[in-house]
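Annotation comment: TrEMBL describes 1-103 as domain 'HPt'. Residues or ranges marked as phosphohistidine by TrEMBL: H46. Sequence annotations record features per position, and here TrEMBL assigns region 'Disordered' to 137-178, 313-353. The feature compositional bias 'Low complexity' is assigned by TrEMBL to 150-178. For 393-601, the entry in TrEMBL reads domain 'Histidine kinase'. Among the features that TrEMBL reports, domain 'CheW-like' is placed at 603-738.
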Amino acid sequence: MDITQFYQTFFDEAEELLAEMEHLLLALDVSAPDNEQLNAIFRAAHSIKGGAATFGFTALTETTHLLENLLDRARRGELQLRTEMVDTFLETKDVLHQQLNAYRASSEPDAEAMTRICAVLQQLAAEGNGAPVSAAPLAPSAPSAPAPAAPAAAAPGAAGGDAPAATASGAPASAVPAGQTRLKVTLTGVGEKDQALLAEELGNLGQVAGRQSTENALHLWLDTTCDADDILAVCCFVIEPSQIDVQDAAAAEAAEAAAPAALPETPAVEPVQSSEIFAQMPAAAAPTEVPPVAAAPVAPAIEAPVPPPAAEPIVVPPAAPATQAGSGNGNGAQHPPEKRAAAPAGGAAGHENSSIRVGVEKVDQLINLVGELVITQAMLAQTASSLDPMLHDRLFNGMGQLERNARDLQEAVMSIRMMPMDYVFSRFPRLVRDLATKLGKQIELVTFGQATELDKSLIERIIDPLTHLVRNSLDHGIETTELRVASGKDPVGQLVLSAAHQGGNIVIEVSDDGAGLRREKILAKAQQQGLPVSDSMSDEEVWQLIFMPGFSTAEAVTDVSGRGVGMDVVKRNIQQMGGHVEILSTRGKGTTIRIVLPLTLAILDGMSVKVGPEIFILPLNFVMESLQPRRDDIRAVTGEGQVVLVRGEYLPLVELHRAFDVPDARLDPTQGIIVILQAEGRRFALLVDELVGQQQVVVKNLETNYRRIHGISAATIMGDGSVALIVDVAALQRGQRSAAATIFN
């Protein structure tokens, strides 16, 4: 078996461990570090080192080894943490991430970056010791001896062709080399190919002193300087941690030696299980079915010349709580709780929740199939609508059940693609920390709604726009400590990231308690650039000017922001995701930027409207109400088109048949229906011929095969098999905004 097939698993899990490490380092209180946090950071580094050593990623192994040593000393209280030290650890995490990406791309990591960060880590270690130190050799990447070929080729049930002589229990009788420990590694449920692979990999951790193989289990006696955590880290990328058991060889031999004497007449029970039964005998009444078992063998087993400490195996891992030492016989298959305790050191086992990794393409295929099911259900409903419900009540009941099941299935499948916003928010503590230090500001980051979920395709595309908004808030929004104190504010500025569901949308907000936007400065800059502005513009319209290409009010250009590039890209990217941006700002109080996005781009609830012979779909989350206007409510504005009066407010009227050049439509607004829509914080009226109904539609992308059409976002297949276009409401609203500006001004 080629071990490279497990590369992707290692890369994914190492990525998660690095993210966890960064999160914990940022939350670490240097003055009073929490032991649990330090242990978790150490375990993350240890797991990455073990996996990297398994796959031969030398640079990653050596860098992590130096970091691991410092973390180990810190958690043992031998090293006093400082802020600069945490900064170095975070920088090391960045280098490890670069190395991981290099190995993922099948290239070599940056040797200069590795040399530099390793020198810094070694210097920290030397300062902690009070004298220069050199990095210790790495057992995983520099094995003390190669794995012998003879034991690997040993026949099942034997200790190995060239292995040392075995004891009665099967363990090798050779002496353990000085400075090493002999461990018995038992791997259960392992096939022949995996046995050979794992034996070879474990041989890299030391000297294989003996081996026994069965059809689905492998017993190895390993002389090594490594601990149980290293063995778990190596094996867990091939098999589950519950299949791995590591014991001190002497303790295991003592426990197994007692088992045959205790239960000589129970061949069906495996030796380890027999030992467990024997261990429980003194506290239990003797079974009446097998009285000889409870009598004769007990005394000889106790009188045997075995040192008392060897009566119980070493607990795995060594860092596990001491209360585990008194339970069981050390066999992981028999004691799942112990293996769960050891799991975090094994990388993959660090996740207690049961989960599997599935390629995105498989999820997309499943979503497409569910979409086809929804279309088929709509077609059946369309066909059944021509039948008499009284005569076909069973059919209609079945159709209703099918519709409910299809919707439940669609919601369940769509939830697979949903990811929590914490995936995005977790990137910003480090960014805020670094930029605040660079800008000389004190800033506190607060996040809300990390568990709010968004479609994976959207959550990956929102990272860059949010990053730009956060950088702008830090650079231009929040004042320096001196200015904040002078204005009577808390010297520590606050940046808030929040996410929440509202209807069929998700609302993401970036808020700061800084100086707010300066209306007069924005208007002056807009006039300077030749933009059509006036003093009568509303604040909301003025704030939208900052999204114009090349627009910037920054007095100085920095490497953080101020070049006038980016905000227009932010808005354009969000609009491409079917969303919009709103700005709320109060002078001296701060600014809030709201991003409104649809939860998913795959399936939506829509309102079907008819214009001439054509059917269009309006996304339901944009629809406010519908009405039939009176003639007195319609007004014509010269050069600006028509407006309609709705409860004392004049709304611009967009005629859908004119927007898309649809023939045979109703031209008189009083003969049609007005649908009131709201997009990007503005309301307008849309004229259609009639309302058809509300339904769930499957979104089909048009841009793959056709050019982009203004006002159309996608298409869908209706129940009768016809194609209906989905209206881009926000684009229609933007199209008429300049024409309506005179009315509102």
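The backbone N, Cα and C atoms fix where each Cβ goes, and this holds for glycine too.
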Exercise. Under DSSP, is the residue listed as 'phosphohistidine' helix, strand or coil?
Worked result: helix
For this session: Report, as a single number, how many Cβ atoms besides its own are within 10 Å of the Cβ of the residue listed as 'phosphohistidine'.
Result: 28
Exercise. Per-residue pLDDT averaged over the domain 'HPt' (1-103) comes to what?
Worked result: 87
For this session: Count the residues of the domain 'CheW-like' (603-738) that DSSP assigns to helix (H, G, I), to strand (E, B) and to coil, and report the three numbers in that order.
Result: 23 helix, 72 strand, 41 coil
